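Features reported for this protein in TrEMBL:
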ACT_SITE  Lys162  active site, for sulfotransferase activity
BINDING   Lys162, Gly163, Gly164, Thr165, Arg166, Arg243, Ser251, Lys368, Gly369, Arg370, Thr371, His372  3'-phosphoadenylyl sulfate binding site
COMPBIAS  89-102  compositional bias 'Basic residues'
COMPBIAS  120-129  compositional bias 'Gly residues'
DOMAIN    153-388  domain 'Sulfotransferase'
Amino acid sequence: MAPPGPAGAHPTPAEPLSRSIFRKFLLMLCSLLTSLYVFYCLAERCQTLAGPVVRPSGGGEEAGAPGRGALAGGPRELAVWPAAAQRKRLLQRQQRRRRRPPAPRDDGEEAAWEEEPPGLAGGPGGSGAGSSAAEAPPGTLALLLDEGSKQLPQAIIIGVKKGGTRALLEFLRVHPDVRAVGAEPHFFDRSYDKGLAWYRDLMPRTLDGQITMEKTPSYFVTREAPARISAMSKDTKLIVVVRDPVTRAISDYTQTLSKRPDIPTFESLTFKNRTTGLIDTSWSAIRIGIYAKHLEHWLRHFPIGQMLFVSGERLISDPAGELGRVQDFLGLKRIITDKHFYFNKTKGFPCLKKAEGSSKPHCLGKTKGRTHPEIDREVVRLLRDFYRPFNLKFYQMTGQDFGWDG
């Protein structure tokens, strides 16, 4: 064996071999760490991509299941959007929608809702904070991504004006299986000549299992509306919100007065001849409240079982109870309950703790619940006498006593 060399001599062949192995090990380790980092970055990026991942529709998960939005990609396939991308786009659209001013209405109806401070949500009539009324329901994300399809309405709120139709519609929109157009379409009374394709295009997109709805209170008093709706679909479910006809007439007049302060008094419009006490039924505020006569036209085209009559008074005193009846009528699961409401003492109306697409409490707008003018008691008495026989007939026709003559 050769003796070891002196200090400073060249290294033996074993030394560079060890260093070479060590350098390769470091290189492999760096490559592995780099690969892991790239994979991690790609995985994070994939969570925000807008592209769909296609899977068979028979995978056992229903369209619109929580956390995923379903897009109909054909009869045998379903495109599923990553949940993170859905949440991101949902937030962006909700922010844009909240910044956007309310769309103008061609029927003179004012914006229906206004936001209230969160502190009001714990008032009487509900369970306080913690309601999930405004949580995005199953399918909402998918619908905001323009998925689903537009359908003709399967249910319509056909009346009556100043009965509580706007409140009912907004309450129903909390339900994840209800999709409704916001503005009144007025198709079956004003725009029928535009055709069903035009009407369908007004409707929101829906997924399988969801109901499309609209509300136009003037349909109930339009003679052509029953036949036209029946021609569209004999299976259409009809909802009528009714209210004490005397109170309804005064409310109707109050709304008109707020827009046209120069109109005659309620008393002068009510009578054809004040001396004889003859009521002027040509005035729409009076005519609308003759519910029995209007209902006769509807029963020529729809069975009474296909119509639901909602009490406008109970919609205020017990909104959850009336909404329960409506959900049963529409074949929906009872999701809207007491926990979604609180009573606003100032307005005298129930309010939603969280309305659709919002995280704040919502009440009917300032134009709702206006203070009625003082009406001569004798005029009110004469009106009650006038409506009484029509009310009794209406009770018989519907099988419900609304208690307006008690």
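Cβ coordinates are placed from backbone N, Cα and C, and glycine is handled just like the others.
Automatic, uncurated: that is what TrEMBL annotation is.
Since we're looking at a predicted model, the values are computed, not measured.
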Checklist entry - Between Ser251 (3'-phosphoadenylyl sulfate binding site) and Lys162 (active site, for sulfotransferase activity), how far is it from one CA atom to the other, in Å? => result 7
Checklist outcome for this item: On average, residues of the domain 'Sulfotransferase' (153-388) score a pLDDT of 93
Item to check | For the binding-site residues Ser251, Thr371, the one whose C-beta sees the most other C-beta atoms within 10 angstroms | outcome: Ser251
Checklist entry - Around Gly164 (3'-phosphoadenylyl sulfate binding site), how many other C-beta atoms are within 10 angstroms of its C-beta? => result 27
Checklist outcome for this item: Within 10 A of the CB of Arg166 (3'-phosphoadenylyl sulfate binding site), the number of other CB atoms across every chain shown is 23
Checklist entry - Distance between Lys162 (active site, for sulfotransferase activity) and Thr371 (3'-phosphoadenylyl sulfate binding site) at the Cα atoms, whole Å? => result 14
